[in-house]
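Colleague: What TrEMBL records for 4-431 is domain 'THIF-type NAD/FAD binding fold'. The feature Zn(2+) binding site is assigned by TrEMBL to Cys153, Cys156, Cys431, Cys434. Annotated active site, glycyl thioester intermediate per TrEMBL: Cys168, in sequence order. Residues annotated as compositional bias 'Basic and acidic residues' in TrEMBL: 200-222, 602-617. Among the features that TrEMBL reports, region 'Disordered' is placed at 200-223, 534-636. The compositional bias 'Low complexity' annotation in TrEMBL covers 559-574.
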Amino acid sequence: MASKQQLSAIKGSKVLMVGAGGIGCELLKTLALSGFPDIHIIDMDTIEVSNLNRQFLFRQSHVGQSKAKVARDAVLKFRPDISITSYHANVKDHEFNVDFFKQFNVVLNGLDNLDARRHVNRLCLAACVPLVESGTTGFLGQVTVHVKGRTECYECQPKPAPKTYPVCTITSTPSKFVHCVVWAKDLLFAKLFGDKNQENDLNVHSKDGSSSSKHAEDVFERQEEENIEQYGKRIYDHVFGYNIELALSNEETWRNRNKPRPIYVKDVFSSELASQNGNLDKSSNGDTPSLSAMASLGLKNPQDLWSLKENSKVFLEALKLFFSKREKEIGNLSFDKDDQLAVEFVTAAANIRASSFGIPLHSLFEAKGIAGNIVHAVATTNAVIAGLIVIEAIKVLQHDIKNYRMTYCLEHPSRKMLLMPVEPFEPNKSCYVCSETPLDLEINTHCSKLRDVVDKIVKAKLGMNLPMIMHGPALLYEVGDDLGEAEVANYAANLEKVLSELPAPVMGGTILTVEDLQQELKCSINIKHREEFDEEKEPDGMVLSGWTQPRAAEKNGKTAVDSEVSTSSASEAVPLETEDDDDLQIIPTITGKKRKLSDISNETKNKRKAEELDSKNDVVMLDDENSDMSKKKRQQ
């Protein structure tokens, strides 16, 4: 039961929830039952079938509707006396600015991506509103408290870059199944069914392409006289046969590697005609979501391991279904883990490629998890984390700083505990977000364009949405609805200029000021000219630094863990990222010196130290190769 003081703090509060997914549903329910009288929810997502196993406020009839609105309506049925305001919108929309955030006593995050988390963190800092972060993955989870000037902000710990793979590994020398999945999803699927104008590293030329301009056209273009079966077999032979033969022609590549084997339709099916695969009439009833190559071929269990022949049949059948039953979507499709036919195609293509390179095959269930970055969620963990969020929110409302805790939910007990509370850290003085520390950017100022800086650094790495870039008094770039046509044209022209040729030339030693007025964030970037970059290790052709990580943890220091942990000790963790709903993107370990709140009493410190001395466990984080399979393009 809550005390009178806690109930008093709750009754006078106004809270903002960002995210109404797995954690959000549990959190809204817990807030309502705890007596919070005024709750606002922002979520841009709609309900999908895959949400229903853990997002208990939603039902089958709600599929396609706004998560925020349905969650609100569901909770008001059993707590009609409270106020819940829902927004079916993106938290990055202009209406959710600093002034909007200032009206709340605390913000509670249940978000599903790094970009939105950073945005909310910055708005909370600008509005001086405490933020409670959270996330789960399977049986693991964490809750962290961020209060401006008192604890570290969400971005005080650098977030490791998502797992990426060199283009040459994906296209030429795969050694793991994940490489095959990336190839099937980001290259082959995109080439066949996505935007035809988008850059793609697949070889598109046929055997005759090099000798005759007549045959130099894109081999993926379907010819007028071809039927779907002929086209499918030609694509199969090209990507799994001819392209492998082409790769084998470079003997140097395979000197210390196992050579792949080309696979052609005739080799897989022998005398059996591939065109006899499946039955389109049997599989199609005009309902697009029900289309399934597995259903056509009588394959029922997604956890079965298909043979090469079965994978080949699924590949050809899925391609046939796309071009015969979903032809209007061709050219606009992107991979979606909830699209059954897309998952079947990618699984089959990845397995055929894996077979060619001697890599073990995987079931559709396993391939879907890799392709969709899925770490399967556990509803119980979401409920535990939601309860911990509310506990910390009540402490924030009472200004009970001494008792703030970052709490980690472990899969295996540590000192007979599944919940591990640790004291928050002080702000990182090297954090460019809350401490305004200058950053360094190594870049070739004679080759790189302003667009490269905007896209790869300002937006991708610094997470700014509406950036303004200045060199002294000169404004080099700005975005906004209030700009005139001449200004828009001028800034667009600047984007295409090399840094050293801008109206105010950017050279080594230049200091750029970058500001996002929406986030009320400003930082300085020191430019350092550098001639050359390693294409594999530095594919962006530039390196951002100056964001100093904390030093290694002191011996017998307090333990902080990420949500991806085993029961071992004192490596400091960074706040978790969720990739899909509340599913964690698993990231490499970052070690560091832990920073204590300055006003925690000596008695509390001594007590915590004594507790830590009893434990020999180390906390580590796991590095999952499946965390992000987006490929990086080399600098041309």
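Cβ coordinates come from backbone N, Cα and C, glycine included.
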Colleague: Other than Cys153, Cys156, Cys431, Cys434, which residues of the chain come within 8 Å of the Zn(2+) site, judged by Cβ distance to the Cβ centroid of those residues?
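Modeller: So the additional residues around the site are Leu125, Glu152, Tyr154, Glu155, Pro427, Asn428, Val433, Ser435.
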Colleague: For the C-alpha pair, I'd like the distance in angstrom between Cys168 (active site, glycyl thioester intermediate) and Cys156 (Zn(2+) binding site), rounded off.
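Modeller: Cα of Cys168 (active site, glycyl thioester intermediate) to Cα of Cys156 (Zn(2+) binding site) measures 34 Å after rounding.
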Colleague: Count, for each of the recorded positions Cys168, Cys431, the other C-beta atoms lying within 10 angstroms of its own C-beta, and report the residue with the smallest count.
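Modeller: Each of the recorded positions Cys168, Cys431 was scored by Cβ atoms within 10 Å; lowest is Cys168.
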